[in-house]
Amino acid sequence: MSITPLMPVYPRTAFRPVRGEHCHLIGEDGRRYLDFAAGIAVNALGHSHAGLIGAIQHQAATLMHVSNLYGSPLGEVLAQRLVDLTFADTVFFTNSGAEAVECAIKTARAYHQHVGNNHKFELITFNQAFHGRTLATISASSQEKMHKGFEPLLPGFKYVEFNDLDAVKAAIGPNTAGFLIEPIQGEGGIRAASDDFMKGLRALADEHDLILALDEVQCGYGRSGTFFAYEQYGITPDVVASAKGIGGGFPLGACLATEKAARGMAAGSHGSTYGGNPLAMAAGVAVLDAFAAEDVLANVRDKSAKIVGRLEQFIGNYPELFEEVRGRGLLLGVKLKVEPRGFVAHLRDNHGVLTVSGGDNTLRIVPPLVIDDSHIDEFMDKLSAGAASFPLEPAGQ
Ligand SMILES: *Cc1c(COP(=O)(O)O)cnc(C)c1O
């Protein structure tokens, strides 16, 4: 047998992390790495956060799981806190980002079908988008590399160019149910929607009675410098999918909606066995407690300004390697002039710093939201050593 016991869908590195300490990871061989990947924008509080660990340990010993057939005191607490912090009136908890997006898609369809508009099932989505790996969420993405081998796709998605409002207008038809968009594309290369574009989508949604659903799985939960990225656009969405940072590393996602948008999500219409279980809810509450106690949003804005300032200065030293700095908050990217995977591997293996590659030749910089100035210094030192030693034109090519 040549297949590995772990299904080989990920090309895994030789680096095998076994322990986390705040903003660092330690490998099996004892080597330390500065973690500016954070489990792909997940470990908002870094690793080994005492409050999060304590909440999970306590809840695990008290009650880990019950079904959603029963009342949920902790679920009510977390849902109420999210309602108080956002546009939303109601929340469905999931175990992952793709499930949160899946719920957003179902909510948008059900909104129309609730009043008999069964033909309004199509969501307009955007080129280079990433929404997850379930069949519905790969169908929502235009990226063919995620479709290959898994066709037929789910019908009901129309792809248009990101930040092109005229293309959106042209794509709206009798079957349109709404829009599904990442305000800041993560996987696609840290590309932010323009102000005019997001405001334009809101206006079109109002004009045509469509659902504006945001995928804030990566850009939400403080990552962009506000609790959710939509706040920076001065718009109110109808539905938002959240995950990644929401559990600080514990598997948790959420679909947030207004009362109006959720009008089709009646009793018995949707569900999840694990979704919203007491252990996940305790983790979610602990993350929000830490956000408040440690003023995480202010830290994101402060550290973002510092790191962006330094990156802007720095990239000019290597014009043949770096093109531009992108992103908001601590959802940052440096567009490279080369395919980023080699540079990510070089930084990791030769300089002990973890980053993530993204689409559009982007090096993603998504550290824990609790980094301090010393981590920025360490990052810039390692990045600069990495750039200096990176073989742009390897011998023999
Ligand atoms: C990561 C991500 C998802 C999928 O989340 P999973 O937890 O992997 O299912 C969906 N949308 C966006 C924008 C993401 O970054």
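Note that Cβ sites are derived from N, Cα and C of the backbone, with glycine treated the same way.
Taken from TrEMBL, the feature pyridoxal 5'-phosphate binding site covers G97, A98, F130, D215, E216, V217, Q218, T273. Annotation source TrEMBL lists N(2)-acetyl-L-ornithine binding site at R133, S272. Marked as N6-(pyridoxal phosphate)lysine by TrEMBL: K244.
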In the structure shown, with every protein chain counted, which of the binding-site residues D215, Q218 has the densest set of Cβ atoms within 10 angstroms of its Cβ?
D215
What residue among the binding-site residues S272, T273 has the most other CB atoms lying within 10 A of its CB?
S272
If you measure V217 (pyridoxal 5'-phosphate binding site) to K244 (N6-(pyridoxal phosphate)lysine) at Cα, how many Å is it?
6
Coarse DSSP state, helix versus strand versus coil, of F130 (pyridoxal 5'-phosphate binding site)
coil
Please go through the binding-site residues E216, S272, T273 one by one and keep those whose C-beta falls under 6 A from any atom of ligand 1; give the result in sequence order.
none
Return the residues near R133 (N(2)-acetyl-L-ornithine binding site), defined as same-chain residues 6+ apart in sequence whose C-beta is under 8 angstroms from its C-beta, sorted by sequence, else 'none'.
A98, M146
Just name the winner among A98, V217 (the binding-site residues) by count of other CB atoms within 10 A of its CB.
V217
Sequence-ordered binding-site residues within 10 Å (Cα) of the residue listed as 'N6-(pyridoxal phosphate)lysine', taken from G97, F130, D215, S272, T273, are G97
Just the number: how many Å between the Cα atoms of F130 (pyridoxal 5'-phosphate binding site) and S272 (N(2)-acetyl-L-ornithine binding site)?
22
What's the CA-CA gap between Q218 (pyridoxal 5'-phosphate binding site) and S272 (N(2)-acetyl-L-ornithine binding site) in angstrom, rounded?
22
On the Cα atoms of G97, A98, F130, D215, E216, V217, Q218, T273, which are listed as binding pyridoxal 5'-phosphate, what is the maximum pairwise distance in Å?
25
